[in-house]
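Student: Encoded as structure tokens, here's the structure I'll be asking about.
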């Protein structure tokens, strides 16, 4: 039977919040079986616990933000994407501020941090959300869909009218029975446009944003001196975000995700619509030799 997993030993690091610009200490610790991923705001008097769930999402304008009883944790998607990529089910994540640090703008720092701590199997079967019928949400020309598929595959199309993005590719498909998260997705950085960054800073946001943690573009080109990590890094980062957003369902998904110009808001709307219809999914466990290829040792060696 495939088993639940947590981090083997506690690990800690310090980073900067993308929007607040404030230094944040983050500690990732083992958690009991069936507890899921829970954030703990150690800077609040009650050490408030905020579960990482789809129904806890309260804001999706610039990142995925979750809250409970008015206590917020923002920009959770990159860390949750790393948790999904490493096959982690149960974690306690302590923060001394509201925002998960941006690190280098990808999931790479979180992958390294968790791998350095090690991963421990727990003696309880791992649960999966198996998609039983298509579920789709649309907003204008944007869409996000989950459909039955015995594995985990993402097909994402972006549409940015910019020379640098046009040149690198607007669509990417990744099937995790054939590609590993760490090598194909985990290093893709967030990106933004210089004029948008200026506008955000005037609003008191993006104070921690820099060329060290984002790909920044002006009207014609990429401003970073560093080359792209993937030739189609922009769309791969959108997949990284989507994996983190989808992990708010609480379990790994067995199904296919298709998106056109989707973002945090539509991804969360998709999960909420899925949860509203119990006939659209089921919670299952798998014997190791019966598990989807996307979650097997051969295709995802980091899981083991």
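Yeah, the Cβs are placed from backbone N, Cα and C, and that goes for glycine too.
OK, Swiss-Prot features for this one:
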- 78, 237, 241: Zn(2+) binding site (BINDING)
- 264: active site, proton donor (ACT_SITE)
Student: Which Cβ among the recorded positions (78, 237, 264) has the fewest C-beta neighbours inside 10 Å?
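Tutor: Lowest Cβ count within 10 Å among the recorded positions (78, 237, 264) is 264.
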Student: Are there any residues in the same chain, six or more apart in sequence, whose C-beta is under 8 angstroms from the C-beta of residue 241 (Zn(2+) binding site), and if so which?
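Tutor: Sequence-distant Cβ neighbours: 77, 78, 81, 190, 263, 264, 267.
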Student: Three states by DSSP: which one describes residue 237 (Zn(2+) binding site)?
Tutor: helix
